[in-house]
Amino acid sequence: MTGCGSCGKIIKNIEKKYYNQLKEKDIVLVGGAVNLDDEEEVKKIMEIRKNSKVLIAVGSCAVSGGFQRMLIGLENGFPQRFVRIGDVVKVDYAIIGCPPDEEEVERIVKAVIEKDKEIVDSYLILKPYEVIAGKPIIDAYMKVNDVLLTSNKELCLGCDDKPINDEFCTGCGTCVAKCPANALTIDEKPKVNISKCIKCGTCFFNCIRVKEALLP
């Protein structure tokens with residue numbers, strides 16, 4: 001699919017390591033957003049879905065449309081052209097990040113292979129892409145609290161218009177440095193420009209405090 005290629009490298013490494021298990025269980029990992037203007041790309045993702053029992057969307061482009069929606073096309077972007085995989089086919093599990101941590105992807109893939117319900121349920125897509133407000137992600141500027149991306153509210157990146165918890169935050173600035181959309185600035189504590197936020201989850205998964213509190 002369409003993306004910067006970083007998630008593709010991670011997927012390639014995981015597929016190489018777990019090739020036999022993935023093939024045996026018909027598990028496929030897909031990264032990148034779907035370009036609706038590319039007929040072959042749309043056919044490809046539909047064929048992938050048809051031939052797999054489990055489809056895991058890897059990275060923010062695959063899960064939410066990613067930076068293409070905002071950044072390709074410079075000032076205007078193309079939010080209606082580049083869509084998440086789940087807008088075209090059913091997605092079973094979603095791993096957010098721009099790109100996600102490779103060790104985290106491997107941990108989840110192993111859990112899916114081994115049917116470790118305790119781990120995989122946190123990344124299970126709600127039937128499919130069920131939303132809190134009763135509407136899907138169509139507009140790239142839709143408020144993030146309209147959408148619940150996963151079944152685990154603690155890992156959900158769409159549950160609050162103010163993703164920075166000032167009491168929890170140490171002000172280290174890691175999230176600001178990592179944000180691919182330049183939606184974060186820092187003045188003692190990070191500030192979020194919601195209009196620029198692409199809901200990629202990079203800030204969340206790079207936060208040292210979050211990793212300490214939520215991720216094993």
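Cβ atoms here come from the backbone N, Cα and C positions, even for glycine.
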Query raised in the report: Which of Cys197, Cys207 does Swiss-Prot put in the same [4Fe-4S] cluster 1 site as Cys169, Cys172, Cys175?
Result: Cys207
Report task. Please report the DSSP secondary structure of Cys203 ([4Fe-4S] cluster 2 binding site), reduced to three states. Result -> helix
Query raised in the report: Whole-number Å distance between the CA of Cys179 ([4Fe-4S] cluster 2 binding site) and the CA of Cys207 ([4Fe-4S] cluster 1 binding site)?
Result: 11
